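Asker: Have a look at this one.
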Amino acid sequence: MATEELVTEQFQFLGIDVQKEVLTKCVSLCEEYNVDPETFIEQWMAFSLTHLNGSPPTLENLDLLEKKEFSKLTATRLNALLTNEAANTGASLTVYGAQVPVQSDSDVLSGYMTTSPKRIKLENETITAQSELHPATYSAIVAKSAKYAARNNPGTIVHSYGTDKLLQSFTDATGLNNLLELCITQIPNDDGDVYSRAMFGFELLHEKASNFDNHIHYLSQCIMKKAGFSELSSTEITVSGRIECDADARLNSKSVVLQGTWETSLSQAVTVDTNSLKQYSLFPGQVVVMRGLNPRGDRFIPHEVFCDASQPIPDSKADMMNSLKGTLAMVTVAGPYTTSDNLAYEPLKDFINYVGTHKPHVVIMTGPFMECDHIKVNDHTMAETYKSFFDKLVDSLGELNLTSPFTKIYIASNYKDIFHINIYPTPPYSSRRKHPNIHFVPDPCTLNISGIVVGVTGADVLMHISQEEISHGMGGDKLARLASHIVMQQTYYPLWPPPAGLCLDAALWTAHAQLPCTPHILILPSNFRYFVKEVNGCVVVNPEHLTKGPGGGTFARILVSNNDELPKSVAAQIVRI
């Protein structure tokens, strides 16, 4: 039974103060139309947001609510009651002065024995409504992107990489004659741990400093070993450390500082004079080894800079029992999965149709699925929780198990999703329903697909490094150079400090953002133009994003053959959605 106390409690829960006469009116409406207070407040909020621009409840507004909503509800219930009563007696109804015939039970059953155009139309409308993939909203109409619908080049191949022979295999969908028994595992870190849940916000300052100190010491040893150095000294001509900026601004050639380790220099920093260097590529957080002079002790003058600590590429056929036997078809895509002007998720639906048609062995997806700064997320018109709608998106991907039962989908999390933890490294997603074809992995993540090592991260590390990097005399391919920093620094995110908007946890970064080895394929989605390049023996793929603003974007499809040695056995294409 509705009371003023219950109604007041519901309004106060939403932060709304109402007057005494308004409470009395609300209780009267609840009793008259047999509605409990919680349902009444939900109907009022939906009506207010849709018709009154969120106005507070008043006697006039409640009269409008009663006239437009509750009167319809009463008429619907009355018609249903009269219909059921007349159907039981086989009579006709007089509704608003008109005679309406009512079907008996036998008439209703006989209707199922025939197929009429009207019935087919209704069923098609029902199926169409169920196939819509958008969140419940207080708005009656979910607008779709006109620019995305008007695109004239869907399915176009805009870039190709690999041999012509292997590229020709893209035209064939994965059939029953190319089914593979894949062994897919997530490669753990050096401690044997797999990132499954996040414990963040507990790091102590001395632990954070110790983690960075160990990282500098380890990478400098790797660099010296690869460059042929034998020993390290901060007083002679060879020093190591991490690049930092000696200003509260972007790094430049006059603000380069090298911070050493506690063991070699008590973690002190020295200014670096880059005028004597013929070529260099530096960014904050980069671990380097320098050769040069320090004549007065306050400024180091390097002549050479070494930063390559890359690890060897693992043998894809080392484990003969789990090595790739056949040609692996893989598709990788990065969010956002809906255009910037709506939450209709048309690109995601088109991508699901593509996967269902071409049936790749593995699909690797990275977020975000629901960006925290999306315009439709911030206007607060969604009538369901962010997490519940993400579950719907996962369910739509899970339905691929019916059309493509041999496709395995790996979904990497993203720190930009509004329903998830906004830290990097990001723990894996979770969903209320388990699908046998869907697996959630963290960001970043390293997968072993039957001997083929695939690294993936959804953070735009290429763009972030590009915004902070300074270079001189390097020339060549800038995008390849940016990608090489990830491989040579043995970490998915070598930049420190990170830009605003990326909450990087140092302890989690140390434990779960390091490259266990140089992967065969490295997936780095970025706002840079799509590309596929070989970098240090690793095939780096930037599929770009599935959507770009209100229009469509691109995704990548990859083939890996076991006939040739890597990376010659890799082919890739960038496809427009």
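Just so it is clear, glycine is given a Cβ too, placed from its N, Cα and C backbone atoms.
Residues or ranges marked as domain 'DNA polymerase alpha subunit B N-terminal' by TrEMBL: 7-72. According to TrEMBL, the feature domain 'DNA polymerase alpha subunit B OB' maps to 229-306. Annotated domain 'DNA polymerase alpha/delta/epsilon subunit B' per TrEMBL: 331-533, in sequence order.
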Asker: What are the DSSP helix, strand and coil residue counts for the domain 'DNA polymerase alpha subunit B OB' (229-306)?
Answerer: 7 helix, 34 strand, 37 coil
Asker: What does the DSSP secondary structure composition of the domain 'DNA polymerase alpha subunit B N-terminal' (7-72) look like, as residue counts for helix, strand and coil?
Answerer: 49 helix, 0 strand, 17 coil
Asker: State the mean pLDDT for the domain 'DNA polymerase alpha/delta/epsilon subunit B' (331-533).
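Answerer: PLDDT averaged over the stretch: 94.
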